[in-house]
Amino acid sequence: MSVTGSLLGLRCAAHSRSARWPGGWLIAAAVALGGTGIWVMHFTAMLGFSIHGATIRYDVPMTLASAAIAMVVVWIGLSIVMRGGREIFALPIGGAVTGLGVAAMHYLGMRAMRTDAMIGYSLTLVAASIVIGVIAATAALWFMLHVSGFRATIGASLIMGVAVSGMHYTGMAAVHAHHGSTMPTGADPMQLFTPLILIVTIVTVVLFILVGLAELDDRDGEPAKSLNGAQAERISAAGSAATVVRSKRSTPSSSGPLRSSVRSRK
């Protein structure tokens, strides 16, 4: 899911650079990368997380808030680098904002977990996961600025998928649990899983359709652009030739004055 979301996010960001309404494509890129690429990967991995002998449930509002944070911080980061002026300043700022936001999403999602076990964290690994998140976010934003070819997009998506997953599993490695006595409250993981699959499937299919239509539109527009360019060159060449002809006609002949001068001497 992380690679799929990254692929869709990169294509949406590429279209935003030349679209009439770039804001719409930036929102689509944020939903693709922040929603599918980051949050869905996080929650899918969380469904596979278990503590021996403990029951795990989830706080639904807090879980949904973590999804919103993931998409919003990616949108903010994209807006900074796409419209923030000089890349040398905008890229690290956007990467830091997005990376810290993704880390906040991850640990808010962990906070949404309700269990009868006592949860603790290794501060060293938490710090490492945040650093990885900032680096991964900065790399993702750089790719979104510079990658446009399909093969390059595939390669960048794989790198982004590995980086995002690395941040998540480093954060999970920071967790240590001890058995407690409090009974957990909240939703059963499978109660969240079914609507999640439905929503993610619909959103992903819609994004694939939008990106596919945009790709076809770009390909159909390339021959027209080439034809218009060739016509413009021919018109320019014809205009230059006409200018040369007019200039030759308007230049006075030197033979007339020379002959009259010779006659006067005679």
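Cβ atoms here come from the backbone N, Cα and C positions, even for glycine.
Copied over from TrEMBL, here are the features:
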{"type": "DOMAIN", "residues": "1-178", "note": "domain 'MHYT'"}
{"type": "TRANSMEM", "residues": "24-49", "note": "transmembrane segment"}
{"type": "TRANSMEM", "residues": "61-82", "note": "transmembrane segment"}
{"type": "TRANSMEM", "residues": "88-108", "note": "transmembrane segment"}
{"type": "TRANSMEM", "residues": "120-144", "note": "transmembrane segment"}
{"type": "TRANSMEM", "residues": "150-171", "note": "transmembrane segment"}
{"type": "TRANSMEM", "residues": "192-214", "note": "transmembrane segment"}
{"type": "REGION", "residues": "222-266", "note": "region 'Disordered'"}
{"type": "COMPBIAS", "residues": "250-266", "note": "compositional bias 'Low complexity'"}
In the same chain, residues at least 6 away from the ends of the transmembrane segment (192-214) whose Cβ sits under 8 Å of its Cβ atoms read 1, 4, 8, 11-12, 15, 19, 28, 31-32, 35-36, 40, 43, 47, 58, 60, 63
The transmembrane segment (120-144) and the transmembrane segment (61-82): do they have three or more Cβ pairs under 8 Å, with pairs 6 or more apart in sequence?
yes
What stretch of 24-49, 88-108, 150-171 shows the most Cβ pairs under 8 Å to the transmembrane segment (120-144)?
88-108
